[in-house]
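Q: Among the features that Swiss-Prot reports, phosphoserine is placed at SER21, SER22, SER34, SER135, SER142, SER194, SER210, SER401, SER404, SER406. The coiled coil feature in Swiss-Prot is assigned to 72-142, 268-337, 363-513; the stated evidence is sequence analysis. The annotation region 'Disordered' is assigned in Swiss-Prot to 493-513.
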Amino acid sequence: MNLDSIHRLIEETQIFQMQQSSIKSRGDMVAPASPPRDTCNTCFPLHGLQSHAAHNFCAHSYNTNKWDICEELRLRELEEVKARAAQMEKTMRWWSDCTANWREKWSKVRAERNSAREEGRQLRIKLEMAMKELSTLKKKQSLPPQKEALEAKVTQDLKLPGFVEESCEHTDQFQLSSQMHESIREYLVKRQFSTKEDTNNKEQGVVIDSLKLSEEMKPNLDGVDLFNNGGSGNGETKTGLRLKAINLPLENEVTEISALQVHLDEFQKILWKEREMRTALEKEIERLESALSLWKWKYEELKESKPKNVKEFDILLGQHNDEMQELSGNIKEESKSQNSKDRVICELRAELERLQAENTSEWDKREILEREKQGLERENRRLKIQVKEMEELLDKKNRLSANSQSPDFKMSQIDLQEKNQELLNLQHAYYKLNRQYQANIAELTHANNRVDQNEAEVKKLRLRVEELKQGLNQKEDELDDSLNQIRKLQRSLDEEKERNENLETELRHLQNW
């Protein structure tokens, strides 16, 4: 309950007390103004005045009861509106949390997708480099069969006696071929270290290495061809070479054979290293292919799940917008209903005022009717007395007529007939007044019943007013407590301000020192 509602209750209680005081003063004013009654009907008018005052009091109390009920309805509606507003705030907070969670989730998904794309791009570059290296290795795989053919020919020539002179002639060519193989090995080592550079440098290095290898393989192959041609020419000059080889010393043959054996061992080592490098590169390519397939699968999954997540987000956003529209519509409807209720309350107030005015007019009419009734009762008594007197006179005249019949008797008969006619008219008027009297009595009984009902409602209203007074006292106590707390806080705030000012002054003095 707010301070405004507390002030409203205070004003309502003050108005109610003023109404009660006005009702009491009105009752005190009405009591002495009542006219004197007869001894036979003294109780009835007093009861009518009491019922009139009680009716006025009940009407005012009924008005206050209606006002309290309207206020209670307003308070309940306010509480309902506050509860709905709190619920709407909770839903808004929940939706904001949901949207924040979705944004965080989508930011993570986007970051993962971008990282996956970057890794896929790097893997593609690595795969291209590996494919280029494989192409160069495949080109180099054509060298081992040629080397094996050279080794076979060398072994055959070593067994022949004319090999010494032939070897002397082709040692230079063999040295050239060995130098070419060493240069190939150096290029392979350089290529192996060059894979650690950037992607653009890798592509350029691979192209340059392949060109250099192709250029250097040509003289190597030329040397092999020369060696083969020299070997084929051995068949023609074997006889002359054998004769020359006999004359050469055996020491030169042993040194050359050892040198050739060393070269063969080196070539075998180079081939073994190249095979190991090839197997390692094949394993690396397989691993890269498997990783690439895995990343492709992950990328496809992310690509497939993206529209689903977007649809879910759109659905949730649509639901949120629908709920917001419903809440705004509910708020508008509540405002419209509140306006309509205010209009109904105003109409009811106007109707209540009209009924109060009608009630006062009816009470005035009732007082007038009671006065007329009392006058008619007096007239009825007077007429009854006159009838009795006339009956006595009639009896006397009948006796006189029985004794003597004269013109006076005829005149008395005529007067008697006129009096009888007047008596009939008076009886007819008496019956009419009696009917009106019965109707007024029925109205009075109905009014008394209404007064009893209003008295019960007044008791209820008094209990309600007492409860409201107790609640008002409690709220006033709470208000006083809150005001005391506010004053205490204000005092503590003032003390803190004074302390801060003192500290600032001390700090300024210290700074000045």
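Start at 1 and count along the chain as shown; that gives each residue its number.
Placement of Cβ uses the backbone N, Cα and C atoms for every residue, glycine included.
I'm curious about the neighbourhood of these features; can you describe it?
A: Within 10 Å of the C-beta of SER135 (phosphoserine) we count 12 further C-beta atoms, all protein chains included.
Long-range contacts of the region 'Disordered' (493-513) within the same chain, counting only residues at least 6 positions beyond its ends with a Cβ under 8 Å from a Cβ of the stretch, are absent.
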Q: How do the residues of the region 'Disordered' (493-513) split into helix, strand and coil according to DSSP?
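A: Breakdown, helix to coil: 20 helix, 0 strand, 1 coil.
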